[in-house]
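In case it helps, TrEMBL gives these features for our protein:
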BINDING   G66, A67, S68, D72, V98, G176, D181  ATP binding site
DOMAIN    63-220  domain 'tRNA(Ile)-lysidine/2-thiocytidine synthase N-terminal'
DOMAIN    314-344  domain 'Cytoplasmic tRNA 2-thiolation protein 1 C-terminal'
Amino acid sequence: MEEERQRRGGGVRLCCLCNRQRASLKRPKTLQQICRDCFYRVFEDEIHDVILSNRLFSPGDRVAIGASGGKDSTVLAYVLSKLNHAHSYGLDLFLLSVDEGITGYRDDSLLTVHRNQIQYGLPLKVVSYKELYGWSMDEIVKMIGVKNNCTFCGVFRRQALDRGAAQLKVDKVVTGHNADDIAETVLLNILRGDIARLSRCTSITTGEDGPIPRCKPFKYTYEKEIVIYPFYFIAAATSTAAFANPSPLSFTYAYFKKLDYFSTECIYSPNAYRGFAREFIKDLERIRPRAILDIIKSGENFRISTTTKMPEQGTCERCGYISSQKWCKACVLLDGLNRGLPKLGIGRSRAGITGRKDRNENYGGKSIDNKQCGTLDF
């Protein structure tokens, strides 16, 4: 069959899917040699199948797309807009961005988001840490340093997305988390022994018991297929020698579609714990491309013992946000910042909330009441 394809192509390897056009890339996910048009088709069809098989949306849903300006969210906005039109999902789409207040990073990426708003014709909502919490990440890093700043940013961003979604009155939020991200999260939760998160981190929809569920349409989509992967450039020459000596070029779905996205990494996250898991995943992928999907499958098949005590879902006494403690993590962290004790909420230690209330009184009543993370209008 392979010889027949090469014979029909005059010595040039043809796409293994259509058998007509010249193969122009090797899919990282399947290692198939395919043409650019077939890549577009299978990439978008797989996401469409994930949306349908998991019933992510219903006609008339208002859906906020978490938009950072990066490659994942930009491709998600483009593909979801295209599928919504092509398959008549009947969705009202919005772009929702969080401004963490990181000079030289987020301010630049938000310029990309504003361009995406015009390019895709989608309404945009931007919420900022400064407005919501009274602190920007630049200010937090000055106080806490670069070691634990990702803890603050992750907690605040999750809540900021929910608060922005509530302001938009959407039914669901979609994020650009891809297969690599989910595989990394499975490993991280195993390494941390975080049973509660391990039991839900592979779910394609989370927060169904809360006010606004979150969906991950890219759950089975490889990062390399969204961003960068080695692609064998077929020279204009029609000889087999051209394919035998390929020129490795870095191309992306976003590149092929000429999408406008921001590619700089956060300046505060070079030593983030997740980065080590990411490197390990990449090493596994180089040896066995299916390793990413296998890790996700393993995470899906984990079963928590019935004797394991799981945290009970409740609401924060201070702001009304979902929490398994009396105070949500955002309120605890914000309380520490406001009282000059930024490390108060970091780690597993949860000194009793009652103790905190007593200390608040000793501080003359200066507590989270002054800069609380806010009440969610759900």
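Cβ from N, Cα, C; glycine included.
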Taking only the residues the record lists as binding ATP, namely G66, A67, S68, D72, V98, G176, D181, what is the largest Cα to Cα distance between any two of them, in Å to the nearest whole number?
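Maximum Cα-Cα distance: 19 Å.
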For the binding-site residues A67, V98, work out the Cβ neighbour count at 10 Å and name the residue with the minimum.
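Counting other Cβ atoms within 10 Å of each of the binding-site residues A67, V98 gives the minimum at V98.
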Please give me the CB contact count at 10 A for D72 (ATP binding site), counting all chains in the structure.
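A count of 23.
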Once the chains shown are all counted, how many other Cβ atoms turn up within 10 Å of the Cβ of G66 (ATP binding site)?
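Other Cβ atoms within 10 Å of G66 (ATP binding site): 22.
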Averaged over the domain 'Cytoplasmic tRNA 2-thiolation protein 1 C-terminal' (314-344), what pLDDT does the prediction give?
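Value for the domain 'Cytoplasmic tRNA 2-thiolation protein 1 C-terminal' (314-344), mean pLDDT as a whole number: 88.
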Taking the binding-site residues one at a time (G176, D181), which has its Cβ surrounded by the most other Cβ atoms within 10 Å?
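The residue with the densest Cβ neighbourhood is G176.
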Does S68 (ATP binding site) have same-chain partners at least 6 apart in sequence with Cβ under 8 Å from its own Cβ, and which are they?
S97, V98, S109, V113, G176, F262
